[in-house]
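Read through the structure below, which is laid out as structure tokens, and then see the notes.
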Amino acid sequence: MNTSSIEAGPLAAAAAEPAARPAAGGGRPAGNRRQARRNTLIGWSFILPNFLGFLAFTLIPVIAAFGLAFMHWNSFSTPRWVGLENFRTMFASETFWIALRNTVVYTIGHVPLTLALALGLALLVNRKLKGIGLFRVAIFFPYITSLVAVAVVWNMLFNPESGPINQFLMWIGISDPPGWTSSTTWAMPAVIITSVWRDMGYYMVLYLAGLQAIPRELYEAAEVDGASAWQRFWNVTLPGLRPTTFFVVVMLTVASFKVFDLIVVMTEGGPGRSTTVLSQLIYREGILQGEFGYSSAISLVLFLLVLGVTVVQFRIQQRRER
Amino acid sequence: MSGLVKETSVPRTADSRAPEGGGFDAPAPMRRVPAKEVRQRRGDRITYAVLCVLVVLLMVPFIWMVSSSLKHDNQVFTVPIQWIPEEFVWSNYADIWERIPMLGYVQNSLYLAVIITCLQVLTGSLAAYGFAKVRFPGRDWLFLGYIATIAVPWQAYMVPQYIMMQRMELTNTFWSLILLQAFGAFGVFLMRQYYMTIPDELCEAARIDGLSEYGIWARVILPLSKPALATLALLTFVNTWNDYMGPFIYLTSNRLWTVQLGLRSFVGQFDAEFAMIMTGSVISVVPILIIFLIGQKHFIEGIATSGMKG
């Protein structure tokens, strides 16, 4: 509170000055203090409608989640502090490790593929051509279509017997195409393909914005120096996109760790446990089984994973900038 | 985490700095250099060809969805695939309203999406004004709190939220979803980003003219921030309409189900009615398609500005 009021002090006074003018003269400091109090009231009055909802339904649950992880609490018992017991149970549970592995596998499949395709698409549509907007819109559209529809359609496309994908694979000479969502080996790749298809338009837009931030003069200078298209890409475009790439990688990784609804709708975590991910475990333990403490412990692991990835990537980015 | 947020400003400034390329309908530049032009034209034609092939490939799921929705069930999985149905079964689009309470689902989805969007835009823009244009002690810490929660995965606090709603006996009511989604930190963040680009001098001038802070918000800032308001409204509406997990967790009785829940349960119950399932999918996507076509410019700007979804 204190530091920020010092920071905001002079600025607040500057902002308040015109309004305080009538009161100017002898009582300046007092007027300023009154003005600051008035500003606080006004500021809070603007923020309050949102803040109350935010406090009750986001901030408090976030804080509660951390405490719950160290408690034994289910829908039948009263909360009791148990320290690390939930974590011990978790680390001894095979399902937890499978879900963790699946989450990581999904991330490793999803992030680089989406990244590469998003960048490729962005380069392709970053031109001033007639009607290019239509192409951009078409590529972006899957991202905002209803997830259930997407999952349903892809499940049918992946139909092992006569779905279009396997028909195509047989047509190009693969006599024994995968069973996709009905196979423990291929269910995860099927989910990854669907999610890459859905997400790449979104990250393409981020890359487009990044590409347009690269000064045109750099390209002109490179061209004058006789750099080939490949050299221009390697020495101008890629370095220029570094901040965007950093941002995209962080967003993608975080989103991948949180993957939930696509898997729930497409495979429900199966067949077997082959596509069960961490967030599904949280849902199952916390909301279906009512094991509030245990599921919060899993939540904490998920949160630490997300945080860890963000911090590591942030460090890498900082080192590169230096 | 604050670094994560700082990075968002990269695409944003980029977008505002380069409007010529940033616009989706930027006209092709006119040049009169023959040799170069010929080469350019050939390049353009290749790009067009590549793009057409790509977009058709990407659209295959949608094409398949629409085509299947106009078939009989036993025609959906024919070998080889029929992209254009032999006989167009338009009756699928009439029947689905009787097979499942689709109208009720659509109404529920609309109701939720409209209410949540209005609340989100109203409270978000108010709070953003407080954060961007009014200076008071503790403001920046408070804002940091907002931002920090954006970075916490929702799954991490979904259980405490659920317990809370249960205790308040709001599960299985629309209230639970409205309360959870209408006060998002994301809306505040997005609007604040935009308000920061509006010069403070404008507010100063209005203050000198005797306008109250609420007057400035309503009569100066709101009219100026129409693009941001539209962006937030569109993103919120689409997110709410498409949301599956929220309704899945909170709405148990069929009467309250949204389009997404209805569609999902239809799939589970009538496994083999492939055509009908596709019809339902098309119906669930059409409202989004319409909204998207109306506001696609805002969508793309919003994504480029904030880089985040709700």
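Glycine residues also receive a Cβ, built from the backbone N, Cα and C atoms like all the rest.
Under the heading region 'Disordered', TrEMBL lists A:1-33.
What TrEMBL lists as compositional bias 'Low complexity' is A:8-23.
Per TrEMBL, transmembrane segment is recorded for A:41-71 (among others).
Look at TrEMBL and you will find A:100-313 tagged as domain 'ABC transmembrane type-1'.
Residues 132, 135-136, 139, 188-189, 191-192, 195-196, 199-208, 210-211, 233, 237, 241, 245, 248-249, 252-253, 256-257, 259, 275, 277 of the same chain lie 6 or more positions beyond the ends of the transmembrane segment (A:104-125) yet place their CB under 8 Å from a CB of it. The transmembrane segment feature in TrEMBL is assigned to A:104-125 (among others).
What TrEMBL lists as transmembrane segment is A:137-158 (among others). Tertiary proximity for the transmembrane segment (A:137-158) is limited to same-chain residues at least six positions away from its ends with a CB under 8 Å from its CB atoms, namely 121, 125, 164-166, 180-181, 190, 193-194, 197-202, 204-205, 261-262, 265-266.
Within its own chain, the transmembrane segment (A:178-197) has Cβ neighbours under 8 Å at 102, 105-106, 109-110, 113-114, 117, 142, 150-151, 154-155, 158-160, 163, 165-166, 259, 262-263, 266-267, 270-272, 274-275, counting only residues six or more beyond its boundaries. TrEMBL lists A:178-197 (among others) with the feature transmembrane segment.
Outside the transmembrane segment (A:246-266), and at least 6 residues removed from its termini, the chain residues within Cβ reach (under 8 Å) are 103, 106-107, 110-111, 114-115, 118, 147-148, 150-152, 154-155, 181, 190-191, 194-195, 198-199, 203, 206-207, 275-280, 283, 302, 305-306, 309-310, 313-314, 317. What TrEMBL records for A:246-266 (among others) is transmembrane segment.
TrEMBL lists A:292-312 (among others) with the feature transmembrane segment.
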Long-range neighbours of the transmembrane segment (A:41-71), counting only residues six or more past its ends (CB under 8 A): 79-84, 86-87, 292-293, 296-297, 299-300, 303
